[in-house]
Amino acid sequence: MAPVREILVMVSLLKASLAVFSAAADKLELGYYSETCPNLEEILATSAKLKLAEAPTTPAAVVRLLFHDCFIEGCDASIMITSTPDNLAERDAEVNRDLAGDGFDAVVRAKAAVEAECPGVVSCADILVIIARNFIELTGGPSYPVLKGRKDGFISEAARVQDNLPGSTLNLHQLLRNFKSKGLDMEDLVVLSGAHTFGFAHCKQFHKRLYNFSRDRAMDPRLPPVFASSLKAACPERGDDPGLVLPFDPSTPFAFDNSYYKTLVAGNALLISDETLLAKRKTREMIREFARDEQKFYQEFGAAMQRLSSVGVKVGSDGDVRRDCTAFNR
């Protein structure tokens, strides 16, 4: 565990960097629940360990869930809301339908554990951010301080998802424009893409690279022949099995490390949105640096996750604390 002084310095620097996002983000605090739920961190750490032991794919699912949450309405747990006859919620938008159930379940279980000790106190938004950090640490990645005080949002609409979430077929310019709209930059894009160091992609996410890349080329010419052959063998052209998946990082698909960047350097990027990170000299240099220096990647990733988890946060009367993460209180 880092010394208290070191942690305080990290938090001070993080809060200074987060001030550019919004006045709301600047109101987040490390000790927000120190009096109202003093055992929060321990409760959530235990919950994450229990879930990981049951389902090793959960860490990647939770981190992906956080990303999909923050990029729509901000980090307000709107992704957790279940659709009703009157509202098609974010989680049922087409692009979100393959979000792993273990990610949602991890949040629901964590909320139940917290409610048992601190009812009506801790938001689902904070729980999602905290357990994402916990799962990263549990799989070998960095630990970093999480500022707290987010409230849960009042809106969750599938119609808002498509235009806000970066897709797997976007080029570098499109990805940068999308990240910029959330207050994030090129460095954040390259660093946060490192979360692909664990987890899996569905065949439909890279099918276009193999069979329908462009008008003139059936296959993406950037794909090495041997790698392309292995992808085609796993994901046939007319295959329609939604359960077909491949790991982003075949070497350590359940571990958080820097192998994703090594995979990119080797030319074996799975998605177009991964491959395109190599299109610019500055991004290539960052990728090579992270491939060489895992600790540098960890340092930058913790800071980038703090910035991501402060996008569009709600505080005060702009949100509330849900009793059930999957349903609005009103």
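In case you wondered, yes, glycine gets a Cβ from its N, Cα and C as well.
For the Ca(2+) 1 site, TrEMBL records ASP69, GLY74, ASP76, SER78, and the single candidate of GLU54, GLU90 listed with them is GLU90. Listed in TrEMBL as the disulfide partner of CYS118, from the options CYS37, CYS70, CYS75, is CYS37.
Binding of Ca(2+) 2 is annotated in TrEMBL for ASP249, THR252, ASP257; the matching candidate from THR169, THR197, THR326 at the same site is THR197. Here the candidates are CYS75, CYS124, and TrEMBL names CYS75 as the disulfide partner of CYS70.
Long-range C-beta contacts of THR252 (Ca(2+) 2 binding site), restricted to its own chain and to partners at least six residues apart, with a cutoff below 8 Å, comprise THR197, PHE198, SER259.
Apart from ASP69, GLY74, ASP76, SER78, GLU90, the Ca(2+) 1 site neighbourhood in this chain, defined by C-beta within 8 angstroms of the site C-beta centre, holds CYS70, ILE72, GLU73, CYS75, ALA77, ILE79, ALA125, GLY153, ILE155, SER156, GLY312. Within 10 Å (C-alpha to C-alpha) of ASP249 (Ca(2+) 2 binding site) lie the following recorded positions from ARG64, ASP69, ASP76, GLU90, HIS196, CYS203: HIS196. Cβ neighbour counts within 10 Å, taken over all protein chains shown, single out CYS124 as the most crowded of the disulfide-bonded residues CYS118, CYS124.
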